Amino acid sequence: MAAPLVLVLLVAVTVRAVLFRSSLAGLISERVEVASPLNAWKRVVEGLALLDLGVSPYSGDVFHETPLIIYLFHFLIDYAELVFMITDMLTAVALYLAVQDYNKVTFKKQKLLIELDKYAPDAAELIRTPMEMYYIPLKVALFYLLNPYTVMSCVAKSTCAINNTVIAFFILATIKGSALLSAVFLALATYQSLYPLTLFAPAVLYLLQRQFIPVKMKSKGFWLYTTQYAALYLGSLVVIICLSFFLLNSWDFIPSVYGFILSVPDLTPNVGLFWYFFAEMFEHFSLFFVCVFQINVFFYTIPLSVKLKEHPIFFMFVQLAIISIFKSYPTVGDIALYMAFLPLWSHLYQFLRNVFILSCVLIVCSLLFPVLWHLWIYAGSANSNFYYAITLTFNVGQILLISDYFYAFLQREYYLTHGIYLIRKDRTDTTHPLKSLGNMV
């Protein structure tokens, strides 16, 4: 499996190197779908210019990245293209290793449940085999590296690529069962963009499973382990924030980074839901609705924790999708990260209802983004309503896609436990739900 992965990495590096040397690089870096006010490369360059002049990069309203990012590129600015290519490669390798280890754990768990007769006798066709799981890690790496969203983020030198790398290493550390590294990388991810805080719940649930600690509110082991992980996470976050303070000798970065994320003062168009809504809103209503929109990202964590407590990795996948849809300054790079996990759920394809239609919606919307932007900004024959309409359609498509996967996952788990064949109350007939669905269609 190492040789195909190396081949994929070489192809991905070649594609990125060619695009970096082409005239498309400048065009891609200006796209609002790829770079936001939070992670645009030109803002990093302006922040570096201020830092070189001895001025705080947070003194104006231009730079909103974290201090560690600006000091990273303070030393590596001449190798920026190489840095972004390496981060993409590292992300893909981390996802590959994480999925590989997760498949091993899943297969062992599945084997144990079969031995304990936890699965229905007629659910044998839903059991996953090692052969069908063998190529999934490679497919995940392929989906990430050759996804146009990922390629564009790398070529635009959006710092979203670095955020994805940190989250990928967090997922790898969690699946490997390392509580310390998981907490450290989660703290780094939270430090970078705040919203990964919601990944705390699936991480704890998975680590509890690894330690065979029951997820029960009355269990002392549950609360002890959760407290230990929370202490590691908060301790790592405090250390990182203090390090940022010592680098700058100022706390200016806190309102400039986290205040900027939460208050959404820059209403530059992007692929998110915030910009148009707040551009049209009266000022005295904005604070209330900013709170409502921001709470939306965190709101789903508790119900998902209850419903998916036995399946924390799927929970993590859903939470990553929620973050990429509902965060204040999303880009296509955020979407690429959760889409890389779609091959991991290939066993759900037979339960998906609208995957083809929704895939077409996402592709068409991606193609229409630059068209409607040109009609609005350059041709003047359209307005912001057109661009926001396609943005709204794009996000609705993502929500429906994730809902489809969520429903399919729950449906498969139900059939594994209760059986595929539905028996009537009079016990006279049985029907196969998948075949019945096919006949209806």
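The backbone N, Cα and C atoms fix where each Cβ goes, glycine too.
Annotation comment: TrEMBL describes 1-17 as signal peptide. Look at TrEMBL and you will find 68-99, 166-187, 193-209, 230-251, 257-278, 285-302, 314-342, 354-379, 385-407 tagged as transmembrane segment.
Beyond the transmembrane segment (354-379), the same-chain residues lying 6 or more positions past its ends with a Cβ under 8 Å from any Cβ of the stretch are 31-33, 148, 269, 271, 332, 386-387, 390-391, 393-394, 397-398, 400-401, 404. The transmembrane segment (193-209) makes no contact with the transmembrane segment (385-407): fewer than 3 of their CB pairs lie within 8 A, with pairs spaced 6 or more apart in sequence. Remote same-chain residues near the transmembrane segment (285-302) are listed as 195, 197-198, 201, 262-264, 273-274, 277-278, 318-319, 322-323, 326-328 (criterion: CB distance under 8 Å, separation of at least six residues from the stretch ends).
Here the listed stretches are 68-99, 230-251, 314-342, 385-407, and the one with the most C-beta pairs under 8 angstroms to the transmembrane segment (257-278) is 314-342. For the transmembrane segment (314-342), the residues of the chain that approach it from at least six positions outside its boundaries are 33-39, 91, 95, 99, 140-141, 143-144, 147, 149-150, 152-153, 158, 160-161, 163-164, 167-168, 171, 174, 193, 195-196, 198-199, 201-203, 205-206, 261-262, 264, 266, 270-274, 293-294, 296-297, 300-301, 304-305, 308, 366, 395, 398-399, 402, 405-406, 409, judged by C-beta separation under 8 angstroms.
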